[in-house]
Structure formats: C-alpha cells, structure tokens
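Scroll down for the structure; my scribbles are underneath it.
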Amino acid sequence: MERAEAYGFSAAMSGAFLLSCLLFAAISRRLRGPYMDEAFHVPQAQAYCHGRFLQWDPMITTLPGLYLVSVGIVKPTAWLFGWTGSVVCSTGMLRFINLLFSAGNFYLLYLLLFKIHQKNKAVSGFQRILSALTLAMFPTLYFFTFLYYTDPGSVFFTLFAYLMCLYGNHKTSAFLGFCGFMFRQTNIVWTVFCAGNVVAERLNEAWKTEFQKKKDEKISSRKGSFADFIRIFQFLIEYLVSPKNLVTLTALTWPYIILVTVFFVFVFINGGIVVGDRSSHEACLHFPQLFYFMSFTVFFSFPHLLTPTKIRKFLLSLRKHPVQYSLITVISLFLIWKFTYVHKYLLADNRHYTFYVWRKVFQRHELVKYVLVAVYIFAGWSFTDTLKSKSIFWILMYFVCLLAVTVPQKLLEFRYFILPFLIYRLNIPFPSLYRQLLELAFYIAVNAVTFYLFLNRTFQWPNSDEIQRFMW
C-alpha cells in the first residue's frame, strides 16, 4: 500500500467509524431496550456475562459464537476501565460489539479487494478505498451494525477466512471458518467455498496444461456454450477419478475437510442444523430463493448490472440462443410452480420490508410470480456475465455454494443474502469511477431512508403496547 493510499484509507475508515458512532448514539438514545431478535440475544449474552454458561434460550437457533466473543471483549474491557454494575453487558455495550465488527469488515473488504484485483494495474488506490467504503455501507449489512444481531460478526469471520484462504493460510482460514460457523451454522457453506477456491485453482491449472498439449485445440473463451460444458464435464470426471489428483486435493484442503466433518458430526448429534426453535426454520427445496437473490443483486448493483449496454447484449443473446432461453424459461416456470413456499413470518410480520415486497408485488395476482420470470432470466444472465473474468471452475464452485446457502431456506429474508452478495461483488471487475460513486450514493440514500423509517415512523399493533419499527 502506497503512503497516499494508506492515508486515504485511514481517513475513509476513521470518517466512516465516526459517522457510525454518531448514528449509534442517536439510535441508542431512541431505542434503549432490546428490539426484535435482541429480546433473545441480549438476555442470553447477559447470562454468559454472569457466568451462567449452561443457561440457554430454546428460541435461539444459532450457536453461541456471538455471546462468547461478546463476553471475551466486554469483560476485559470492564476490568480495564473499572466499569461495574448495569453498564457491563448492557444492551448498548453489547450493540457496540457490532460497531467494532463493522470497522473490521471495512478493513477486510479493502484487503480482499486489494488481493483479488492485485493483477489489475488500472485500478487506483482511490477506487479500492471507494469500493471498500461502499460495501461497508451495504444497506442490509450496515443496518444491523446498530443492533445486537449475529450478522456483522458472521460476515467478519467469513470474510477473514476468505482472505486467509486467498493468501494460502488454510489452517488459519479453517479456524476462522469455525468461528463463523459458531455465529451461524450456514456459514459452513463458505468454508466449502474456501476449499473450492483451492480446488478451482488446481483445476484451472490442469485445464490450461491439458489444452496447451494439444496445439489444434484452444481453451474456449465462450463460457456457457453447450460444447464447452460437455468438454468441461468430461475433464472434471477424468480429473476427479484419478487417485493421485484426489490425494493432492485432500492434502491441500485437509483443514477444511476436518471442519466439514465436524459440521456433519454436529448435525448428527444435534439432529439437524438448527439449535433451539426448529419449527420455524425447516429446510426445504425453495428454488425461487435463487431468483429472489438474483433480483436482490440487480437492485443493489444496478449501476453495474442494469445498464443500456448490458440490456443490448442480453437482447442480442436472446436472439442468438432462443432454444436455450426457452428451455430456461420452462424450467424456471416449473420451479416456481412446484417449489414456491411462503413462510408464516413473511405473511404475518409487517415490520420487515420483505412483508411489503411480498404483499405489494407477489400477492397482486397469482400470475405475477410467473410473469417475473423474464426479470429473473435477465438478472441471472447479467449476474453471470459480470463473473466472466473468473475461471469456469470458480464460477461453478460459487454457484454450488450459492445454491446450498439460499435454496434450503423457506423464509425470504434479505439478511441471508448478505454474504453471497458480498463475495459476488468482491469478485466482479472494477466498474468506472462514475458507477462506483453512483453505487455509494444509492447505498447512502437507502440507509438514510431506512434509518429515518426505523426511528421516526413507529407504529403499534392493536394487541400490543410495544412500539414497532420498520427494518430489514
């Protein structure tokens, strides 16, 4: 990092942290007690603060990583500054833990952008800082910086594990992956993603070597053609049935293999992936979740994905490959018809934006969910098109992880899209400075509206005296 870039990054990170602190103070003044899921998380952390580590709220569905880290930070800090009484492990103190995670996420996002795009000399230090700032302000993640939820810590350990993986520190990466798993069980998918990065790199090297030997054949740059997929599939089968290759891959990824084994042991002993209340978190094959994620990504990355050039390229692709798109349309319609699930929380809880998205869009008419297939196909094409700079093996590996982390979820919840979105956004080529600034301005505007509604547009339910607030 050059000195000017180091100063610029320090200024951006300090400024963002100061702004977050001011916003944190404003929110804490208006919302002193636990809200929403904090009603479960805060008392559980306070029980740990008082040494009651065997006490557990059966309504909590995640492992105790957040509470263990919180106690590990708050207790030494209280001892160092001589704090006693109710301030130790208070709601405000526990929320502040996520403010620290948020600052850590900013730093990790910058380091990941630097590492992933280090070969692109056209990217300036200012662009890296701007992209890191933008992603740190990503609305769905940034909102939960100010509440005691698992999301900021979950993202922190997962991004940290990804960074260590890219630098080849796989044992450290697996340990950090375990920490992420302790925050949210589905993060085991991103441990597989880290292992997949290693495997994809080896496969890509072998693929290049294979076709360099054959002077009459070239590596196709037309990712997505049917002939390419047949050839890649044959190559994968040949590569993976070789005992020598399997031994090599196992030697490279054994820390991740151990962690995944621990995960399966946990699932076997626990009787499922969810701890606590399982009735509201049943796994199912909810394939439209992939369509929702693609639409979510287009919405939050519209400066990169929803451009006139992209639309023209998509229409040209439609004209060139009508049979393929017709087949994709039929499959998509079938998946929506047979595998659409509506969780009871989605219909009942009017505090979340997903409630209004579902009511205002999907419940307009029974046919709406089918009409939106055209939007989904464009979103999927645009999403994939921006990843064409990555190797085909990386793309396949990412999509496998994306399916694993989204499809089993019955509840449409934007928080579940945070990590797959961030990993996608980190790996697409740097856009122009204008588009980066537009993206940052959009995120700031969305955050401003969200916090305004959360703080000022409160309401009450007919059967409750509690103040309710709009949130992600």
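Numbers here mean position along the shown chain, with the first residue as 1.
Heads up, the Cβ atoms here are built off N, Cα and C, so glycines get one too.
Annotation source TrEMBL lists transmembrane segment at 6-27 (among others).
Marked as transmembrane segment by TrEMBL: 60-81 (among others).
TrEMBL lists 93-114 (among others) with the feature transmembrane segment.
Feature annotation from TrEMBL assigns transmembrane segment to 126-149 (among others).
Sequence-distant contacts of the transmembrane segment (155-183) (same chain, at least 6 residues past either end, Cβ-Cβ under 8 Å): 62-66, 68, 101, 104-105, 108-109, 111-112, 115-116, 141, 190-191, 193-194, 197-198, 252-253, 255-256, 258-259, 262-263, 418-419, 422-423. TrEMBL lists 155-183 (among others) with the feature transmembrane segment.
The annotation transmembrane segment is assigned in TrEMBL to 254-275 (among others).
Here TrEMBL flags 287-305 (among others) as transmembrane segment.
Sequence-distant contacts of the transmembrane segment (325-346) (same chain, six or more residues past either end, CB-CB distance under 8 Å): 280, 284-288, 291, 317-318, 352, 354-355, 358, 369-370, 373, 376-377, 410-412. According to TrEMBL, the transmembrane segment annotation covers 325-346 (among others).
Feature annotation from TrEMBL assigns transmembrane segment to 367-384 (among others).
Here TrEMBL flags 390-407 (among others) as transmembrane segment.
As annotated by TrEMBL, transmembrane segment applies to 440-459 (among others).
Same-chain residues lying 6+ beyond the ends of the transmembrane segment (93-114) with a Cβ under 8 Å from its Cβ atoms: 1, 9, 13, 16-17, 20-21, 24, 28, 41-42, 45-46, 66, 69-70, 73-74, 87, 128-129, 131-133, 135-136, 141-142, 144-149, 151-153, 155-156, 159-160, 162-163, 166, 422, 426. Between the transmembrane segment (60-81) and the transmembrane segment (254-275) there are at least 3 Cβ pairs closer than 8 Å, counting only pairs 6 or more residues apart in sequence, which means the two stretches are in contact. By the Cβ criterion (under 8 Å, sequence separation of 6 or more), the transmembrane segment (390-407) is not in contact with the transmembrane segment (126-149), since fewer than 3 such pairs are found. The stretch from 126-149, 287-305, 440-459 with the most CB pairs below 8 A to the transmembrane segment (367-384) is 287-305.
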